[in-house]
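Per Swiss-Prot, the features are as follows:
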type	residues	note
ACT_SITE	Asp38	active site, nucleophile
Amino acid sequence: MDGILNINKPEGMTSFDVVRKVRFMLKNEKVGHTGTLDPMASGVLPICVGRATKFADYMVESKKIYLAELRLGITTETYDREGSVVNTRGVYLKKKDIIEEILSFQGEIEQVPPMYSALKVNGRRLYELARKGIEIERKKRKITIYSIDIVNIELPYVSFKVTCSKGTYIRSLCNDIGNNLNCGGTMWNLKRLSTGNFNIADSIALEYLDSENILKYIIPIDKALYGYPEVLVEDEYVKKILNGISIKDESFLSKTIKDKLYRVYIEGNKFIGIGMNKDFQFKMVKLFV
């Protein structure tokens, strides 16, 4: 069995907890996730099953949408409510100033990842160092905040919906907003509403899954990759491309755009993987068959 499960992760579970439960239901089938969702966060967590695990990296390139709750007036070590409190301050701000500051983060910005994150530096996870009381300098990374919509303000709490690029840490965003408002801030709640083609409305709660019904919720791998355009390989090229030989025929190359990834199909609408037109030839980047 190969495909994706669109899981609605509950609060309090790690992403690996979800993987382990799914693996148990599928009797130790190869299972993995497409990107960590913090234990205190809930929402969309796509789980790859079987050969779909080979395509996990191609699913994290997409936009993500979160519903976040920011608690102003408090700063914690982890930038969320579960961390030790570092500082507290009174919140004496006008709503219009809060809104203006939050919206100023829209666009391409630079963000410093939190110490409590799964990022690796010199082979070590940052959270492993943080738990030992070690803080190291982290390089700023370019991210994109496509949009922010304020949902509600009941000080000291502010709820907002954010659409962002991969690699965005909402905890860092909340911390930065609090710092700029000179009162501190920490992420209080977080729900991922969507990632790529996976939406919370179409997700399945983990508690409803069991070994009897889980198979009917597995989505074909190519549906998870609908963000990439498709291209059909004619019969005359199928043997070549399946054996790792590039297609150099201009009539085929003209159907694709240089340096762009494609979902590749053969006759019968059979998905065979991801390919790319690079250096005047089309070649498979990742095979599904």
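Including glycine, each Cβ sits where the backbone N, Cα and C put it.
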> Which three-state DSSP class does Asp38 (active site, nucleophile) fall into?
Replying inline: coil
> Looking only at Cβ atoms, how many others are within 10 Å of the one on Asp38 (active site, nucleophile)?
Replying inline: 22
